[in-house]
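Novice: Just dropping this structure here.
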Amino acid sequence: MGQSQRRGLPRAGGPSQGAGERRVCRTEVRAKPAADGAGREGEEGEGVPDLPVESHLPSRPFLQSFFVDLATSGPMVLDVLQRIKAEQDPSLSYRRSCREGICGSCAMNIDGLNNLACLKPIDNDASRPSMITPPSHVRRQGPRPGNGREYRQSPAERKKLDGLYECILCACCSGACPEYWWNPESFLGPATLLQAYRWVSDSRDEYTAERLQALTEDRDKLHRCRRVGNCTANCPKSLDPEKAIETMKQEHLYPSFLRPLHSTLSV
């Protein structure tokens with residue numbers, strides 16, 4: 001892993017609890033009883049399942065229940081887990097990546113069979129329990145990188161990454177950039193530069209100086225950008241690579257007294 005572990009992205013999930021880690025360990029899906037004993041109904045008649053999730057704390061394991069309205073959730077097990085993490089408990093941790101059954105990251109044991117959470121539909125019959133557990137053969141073999149703790153980030157620092165971390169590296173922007181057509185060997189292109197700005201903007205990362213040095217070793221890597229705007233116009237995620245490139249120039253590569261001059265010269 002080497003230096004990349006010095007301060008990269010923190011592990012998935014929220015703050016550590018004791019000596020263990022919050023992760024999906026067991027999930028039962030059943031109807032939440034209403035006051036009259038009948039199952040509560042969602043907007044479209046779907047039951048509202050109760051999902052008790054065991055916290056993996058060897059010294060004091062416990063179950064915590066969540067309630068999710070399937071009528072307003074995606075159809076897959078992973079959709080339900082992501083909604084819980086986003087709306088109810090950000091410390092809930094599990095592996096996931098592509099959400100299309102390609103990478104295999106979200107493998108879990110669901111109802112006794114190993115499956116991918118992104119491809120396994122959640123059981124709409126809220127009266128039947130479902131069991132979800134991590135694959136039994138997956139175990140940590142080495143120590144955690146660093147001190148094993150997460151690198152905290154304030155809401156304001158986190159907000160700086162909005163419009164950057166969503167990049168999926170499809171390179172539609174680079175393919176639409178005239179400067180990249182003409183100078184692919186020297187100009188890094190908007191896809192790479194958007195990623196560079198994403199990392200130098202991350203308060204948790206300790207490689208900012210190295211990244212900026214790499215960008216300034218050859219002026220053409222960054223300054224070939226002529227702000228044509230094709231990159232932003234062609235981004236399928238509605239991101240703004242042109243703005244990211246220009247902001248990176250002004251915020252990170254130039255003293256404050258040069259920024260107005262550079263902004264004029266780089267057009």
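Heads up, the Cβ atoms here are built off N, Cα and C, so glycines get one too.
Below are the features listed in TrEMBL for this protein:
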COMPBIAS  20-42  compositional bias 'Basic and acidic residues'
DOMAIN    51-138  domain '2Fe-2S ferredoxin-type'
DOMAIN    157-187  domain '4Fe-4S ferredoxin-type'
REGION    1-56  region 'Disordered'
REGION    127-155  region 'Disordered'
Novice: What is the three-state DSSP composition of the domain '4Fe-4S ferredoxin-type' (157-187), stated as helix, strand and coil residue counts?
Specialist: 12 helix, 0 strand, 19 coil
Novice: Would you mind giving the whole-number mean pLDDT across the domain '2Fe-2S ferredoxin-type' (51-138)?
Specialist: 77
